[in-house]
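Participant: Quick one: structure below, then a few questions.
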Amino acid sequence: MNKLIPPKLTVLQYIFLIHGTQVGIGVLSMPRELAEAAGTDGWISLLIGWGAAVIASLLIISVMKRYPNHTIVELLPLFLGKWVGGAAIALVILYCLLACITVIGNTVGILNIWILTQTPGYLIVFLFVIPTYVILKKGIHVLARYSELIFYLTLWMPIVLTTTLSDSHWLNLLPVVKEGWGPIISGARLTVYSFLGFELAFFAYPFLHNKKYAALGIVAANTWSLLVFLHVTILCFTYFSPDEITKYTWPTLILLKGIEYRFLERVDITFLSFYLMVLSTTILPYVYFTILSSSHLLKKWDPVKQLKVFLILLVAAFWLYTPTFMDLRRLTELWSHAGLIFGYFVPLLISGPIWLYHRSAKGRKI
């Protein structure tokens with residue numbers, strides 16, 4: 001894996017790494033969640049969530065550009081001291097671990113319901129960890145190239161979804177702001193979970209080759225994710241009635257069941273099979289940064305060996321216990337709350353003191 005900061009990322013790789021982390025499980029269930037909270041005005045909630053994500057992202061970049069060659073786990077001991085900084089790194093590890101377990105658990109659950117109904121969860125995880133090890137042991141530059149490749153390979157997916165427009169009812173979206181702004185703001189809180197992934201700029205920034213494009217790149221990643229979310233949400237809102245959409249756990253997959261071709265009957269199964277690659281671009285970065293963070297606490301232990309042990313323990317954990325639907329819901333809620341802290345509050349909390357420190361230091365020099 002990485003030795004300090006040797007590999008460099010292009011701006012496109014940086015964008016696709018963050019975008020791939022954001023677009024995952026949330027795309028499948030987001031239309032229902034927004035419909036429950038804000039009705040058919042949920043698409044407005046997405047715009048508010050995008051604005052909050054962009055502001056938090058720019059705060060992260062403003063912090064990291066003052067320490068361009070350090071990741072967040074290298075900065076924490078500098079800010080907080082050895083012991084408190086070590087405890088903070090442990091919390092970062094737990095956050096990344098929670099994220100990857102939540103996404104893996106949800107992925108296994110969906111596969112068990114839609115495709116591999118008789119396959120134990122640990123076997124699915126075992127099949128997943130093999131390519132994970134091959135990709136991650138090479139470092140972040142290979143991970144970013146993988147995210148870019150998957151982006152290009154899955155460009156056909158939005159086009160397939162768009163074929164449902166012939167059965168859409170655009171009057172479902174009217175009137176706009178039908179119940180006031182309260183439900184829309186409530187729905188915006190749900191989008192916090194969907195836009196999570198931008199916080200990995202805390203780790204990815206030092207690897208970026210042209211750091212002057214870091215802010216533009218992270219805004220582009222958030223914006224592209226917004227377009228994907230809007231595309232799926234509006235298609236579901238116009239295809240299903242306002243009451244019907246709330247009855248489906250994963251309305252995006254139900255939407256696909258209405259699509260048929262002469263040469264392919266179950267489009268939803270094929271779509272979901274390819275969508276596993278998209279989900280992997282969410283899982284792999286969190287696994288990588290879990291190991292990257294733990295390598296700062298266990299400096300004498302080779303990161304590649306840590307990766308091996310982690311993946312073995314991951315398979316063993318799913319062999320011992322496969323999370324239930326309610327377990328996954330609780331994990332998702334816990335991750336969304338943890339992401340609210342790590343992705344939104346932490347940048348806001350540390351950007352002010354760092355700005356004041358550098359301003360006072362500049363004043364002393366003058």
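Each Cβ is built from the backbone N, Cα and C atoms, and glycine gets one as well.
Values in this document were obtained by computation on a predicted structure and should not be read as measured data.
The transmembrane segment feature in TrEMBL is assigned to 12-30, 42-63, 83-105, 111-136, 148-170, 190-208, 215-240, 269-289, 309-326, 338-357.
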Participant: Counting only pairs at least 6 apart in sequence, do the transmembrane segment (338-357) and the transmembrane segment (42-63) share 3+ Cβ pairs under 8 Å?
Facilitator: yes
Participant: Please tell me whether the transmembrane segment (83-105) and the transmembrane segment (269-289) touch - that is, whether there are at least 3 C-beta pairs under 8 Å between them, with each pair 6 or more apart in sequence.
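Facilitator: They are in contact.
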Participant: Under 8 angstroms for C-beta pairs, at least 3 of them, ignoring pairs fewer than 6 apart in sequence. Is the transmembrane segment (42-63) in contact with the transmembrane segment (190-208) by that rule?
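Facilitator: Touching, yes - the transmembrane segment (42-63) and the transmembrane segment (190-208) meet the threshold of 3 or more Cβ pairs under 8 Å.
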Participant: Would you say the transmembrane segment (190-208) and the transmembrane segment (215-240) are in contact under the rule of three or more C-beta pairs closer than 8 Å, pairs 6 or more apart in sequence?
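Facilitator: Contact between the transmembrane segment (215-240) and the transmembrane segment (190-208): present.
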Participant: Please work out which recorded stretch in 12-30, 111-136, 190-208, 269-289, 309-326 has the most C-beta pairs separated by under 8 angstroms from the transmembrane segment (148-170)?
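Facilitator: Answer is 269-289, with the largest number of Cβ pairs below 8 Å.
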Participant: Short question: most Cβ pairs under 8 Å with the transmembrane segment (12-30), which of 111-136, 190-208, 269-289, 309-326?
Facilitator: 190-208
Participant: Please identify the stretch among 111-136, 190-208, 309-326 with the greatest number of Cβ pairs below 8 Å relative to the transmembrane segment (269-289).
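Facilitator: Between the candidates 111-136, 190-208, 309-326, the best contact partner of the transmembrane segment (269-289) is 111-136.
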